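Lifted from TrEMBL, the feature list:
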REPEAT    61-94  repeat 'WD'
REPEAT    103-144  repeat 'WD'
REPEAT    197-231  repeat 'WD'
REPEAT    232-273  repeat 'WD'
REPEAT    274-315  repeat 'WD'
REPEAT    316-348  repeat 'WD'
Amino acid sequence: MNADANGEGIILLSSGKEIKIITQNWLRLLEVKIGWINDFDKIVSTYVKFIAKYFKLSSILQGHDDAVRSVRFSRDGKKIISSSSDKTIRIWDIVLKKQIQCFEGHLNKVFVAEFSQDEHTVVSCSADQTIRIWDVKSGKEIKRFGEHFFYPTLSVNFSKNSKNVISCSESAIYVWDITSKNVIQSVLGHVEAVQTVQTVQYSPNDQMVVAASGDKKICVWDVETGEILKQLKGHSTSVMRAKFSPDSQFIVSCSRDKTIRIWDVTSGKELKKFEGHLLAVSDATFSPDCQTIVSCSWDNTIRVWDVKTGQEIQKLKGHSDPLTSVDISPDGNVIVSSSFDKTIRIWE
């Protein structure tokens, strides 16, 4: 355990990842008003909460030959899956810090790849216009669809039961039945504007879909009826990603306008805006307990934010080029990030 005094009556005691704060001397300031003491107590409590987890770079995963476009955890938190401009998808063991599977077959950059709920299959989408389903154990492609579309498929997401896949391509959103490979629902045009739909995602309860678009809006749909439930407006330029909170009650979005925003799904109101990134924010996600948000940006940094206060808790530096994606483990203890620098970094 290390101790360090900062000269302001605050001693920092650090042991591993946990940091405790002991305040000294301020109780001796008898002339301080009671109201200020109460406020100070809140400040100290908040600060302790802020640095309860302090992430540091633990390893760098190398193997991709071009920009890493996305990175996602498996449900058990023991593996991550990455997609790349090198046309491959790779699975990595978090404990061993090594690649354990590689999927090859796409003819162009792979934008997104993710595990199914049972982790037996993987779905991917690519600039080659196809969506592909892969067997995790064998590494072989088992299904392919969407190849007749003119535009690249930019985003893809499994439903919770893994029976359907939702994808977006330019101004259209499609829901696919995996077994038949048929489109069972489509939304043409992102509401009133024909703009590029950047990403699409199911809510954790599978009842809604959220889409982020180049028309500055975020739209929420009812999965069963296809009805638009909410249009979330506030970003001043393209929305790069939008994701649900684990409880499906909130949405976090990030934009080229350098901000991150939290929205209430029921009311459609913006609840919080986070500012600090110097360039476009390429990804943002809730922690499992919804107390923090992790974001990444083209400014080469990852930032951790306190949801309640909107304050930046920590800034992580290490990538040498703009970041493309970030995810946090199911237990909230590990962050993974991907970048145009061809690496994946693990922060613990």
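Heads up, the Cβ atoms here are built off N, Cα and C, so glycines get one too.
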* Asked: List, by number or range, the same-chain residues at least 6 past the repeat 'WD' (197-231) whose CB is under 8 A from its CB atoms?
  -> 154-161, 166-173, 175, 185, 187, 190-191, 237-244, 246-248, 251, 253, 255, 263, 265, 268
* Structure fact -> Secondary structure of the repeat 'WD' (61-94) by DSSP, residue by residue, totals 0 helix, 20 strand, 14 coil
* Asked: For the repeat 'WD' (197-231), DSSP counts of helix, strand and coil?
  -> 0 helix, 22 strand, 13 coil
* Asked: With DSSP helix as H/G/I and strand as E/B, how many residues of the repeat 'WD' (103-144) fall in helix, strand and coil?
  -> 0 helix, 23 strand, 19 coil
